[in-house]
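Features of the protein shown, as given by TrEMBL:
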ACT_SITE  H197  active site, proton donor
BINDING   H197, N198, A199, V200, H201, D238, D347, Q398  AMP binding site
BINDING   H201, H237, D238, D347  Zn(2+) 1 binding site
BINDING   D238  Zn(2+) 2 binding site
COMPBIAS  437-447  compositional bias 'Polar residues'
COMPBIAS  448-459  compositional bias 'Basic and acidic residues'
DOMAIN    121-443  domain 'PDEase'
REGION    437-459  region 'Disordered'
Amino acid sequence: MEVCYQLPVLPLDRPVPKHVLSRRGAISFSSSSSLFGAPDPRQLSQRRGAISYDSSDQTALYIRMLGKYFPAQTRSLTPSTHVHGGSAPERRVHRLLSFQRYLHSSRLLRGLPQQIPLHILDEDYTGQARCMLEKVGNWNFDIFLFNKLTNGNSLINLTFHLLNQYGLIELFQLDMVKLWRFLVMVQEDYHNDNPYHNAVHAADVTQAMYCFLQEPMLSKSLTSCDILLGLLAAATHDLDHPGVNQPFLIKTNHYLATLYRNTSVLENHHWKSAVGLLRETGLFSHLPPEDSRNMEADLGSLILATDISRQNDYLSRFRRHLDQDDLCLSNASHRHFVLQMALKCADICNPCRPWELSKQWSEKVTEEFFQQGDIEKKHKLEISPVCDRASNTVGNIQIGFMTYVAEPLFVEWARFSDTRLSQTMLGHMGLNKASWGSLQQEQSSAGEETRPEKSELKNETRSIQTLAGLLLSDAVLHLY
């Protein structure tokens, strides 16, 4: 089913309509979009809209909604929609309230104290999912299988389990219901129709982040606050990702690009969306205001570090620290920087996974690139690099990405943390790169048998040779 994108032009000095402010949501759509036409006002209530610009504190005011990002009619209905009926927000609220009633009744019937037992959510897991969580620190953890075993709730269950395992729920006195509501809303704010930037990707990054937090260099140095922020940043780092990149938002005059002045547009939006959910659920409301604000700021610093267009800046600084051997993890700023690098590694670790997992991620991210290219082609826009399915393949994109983006980062990470995990990741990347190379050769051989045009072969070769320059351009780097 074709997805209809309504792209707005919303200057900062334009008043936000009342019907937008009355909704809870993340991205709203202006009625003045010259490219895709004006949306029907009746559709606005069905969207997860609503960023307004709050001039009082110069930040985006986020008011969330449990609805969806695109109009309901552009999405395929899930089986539960047909069986149970009712709107999606109503079903989610009912599910949340049912969970709250279950907790309340369980305490009363069992004569338990007011504190909610931390093991109670385990009753929602299947036996197989629980077994998988016992090995959540394994690098070959299959997040796709875990997502199936948890009925599509991998991000909620995985993040809760890790917070509980570290004892962070008790340590920070997090309210169980608020935490669960926060995680539910985080998962719902990822777009399941994105082939790559969805809740499963967020869960995968969170699991990878946990693996890095377990490394000796970090585990003996990080504070509980560092660990809490690292896990929350991993879970929310791509929150409400629209499935298109920053250059696409800029060239279609999306108002988020204006709001954030064309700088780290998506990353700023992910951060502000996460802050909006923290405030709406009141997860940190029991903390002193200054502590809560500091945690929000540090969360933003971590998420903003995932802007891969700034990859060289972070990598150069990391390499300089390693060359000078002056990283001191007793220093809070140095610990935070290492946490940023760990999140960057977790975000693009797909090439370092075993082939069976890495190949699936490669196909998913490439399909998302191609879908953007299809939209650009349909509306006669310049097709972004590596987004043209007619001139690119999964293999050449992945080989280029590994060579010029992933390998330099993970080589330096291995210098910092020279462990079995680091060597395993580099080993998998080398094997995966060779596998893609073999597939490329097979495709080339098959192409020769069918006698393709010489220009097509030249385009394929030139695509691989020049991918380095393309990948290092802002347009392509923003795709990840």
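Going from the start of the chain as shown, residues are counted 1 onward.
Heads up, the Cβ atoms here are built off N, Cα and C, so glycines get one too.
On the structure: features taken from TrEMBL.
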{"residue": "H197", "record": "active site, proton donor", "Cβ contacts under 8 Å, 6 or more apart": "Y190, H191, D238, H241, G243, E368"}
{"residue": "N198", "record": "AMP binding site", "Cβ contacts under 8 Å, 6 or more apart": "Y190, H191, N192, H241"}
{"residue": "A199", "record": "AMP binding site", "Cβ contacts under 8 Å, 6 or more apart": "G152, S154, L155, Q187, Y190, N192"}
{"residue": "V200", "record": "AMP binding site", "Cβ contacts under 8 Å, 6 or more apart": "I143, F144, N147, S154, L155"}
{"residue": "H201", "record": "AMP binding site", "Cβ contacts under 8 Å, 6 or more apart": "Y190, D238, W361"}
{"residue": "H237", "record": "Zn(2+) 1 binding site", "Cβ contacts under 8 Å, 6 or more apart": "A202, V205, H270, L302, I303, T306, L343, D347"}
{"residue": "Q398", "record": "AMP binding site", "Cβ contacts under 8 Å, 6 or more apart": "P351, S362, T366, N432, K433, W436"}
Starting from each candidate's C-beta and looking 10 angstroms out, tell me which of the binding-site residues D238, D347 has the most other C-beta atoms.
D238
Starting from the Zn(2+) 1 site formed by H201, H237, D238, D347, give every other residue of that chain whose CB sits within 8 Å of the mean position of their CB atoms, in sequence order.
H197, A202, V205, A234, H241, T306
Over all pairs within H197, N198, A199, V200, H201, D238, D347, Q398, the annotated AMP binders, what is the largest Cα to Cα distance, rounded to whole Å?
22
Average the per-residue pLDDT over the domain 'PDEase' (121-443) and send me the rounded value.
96
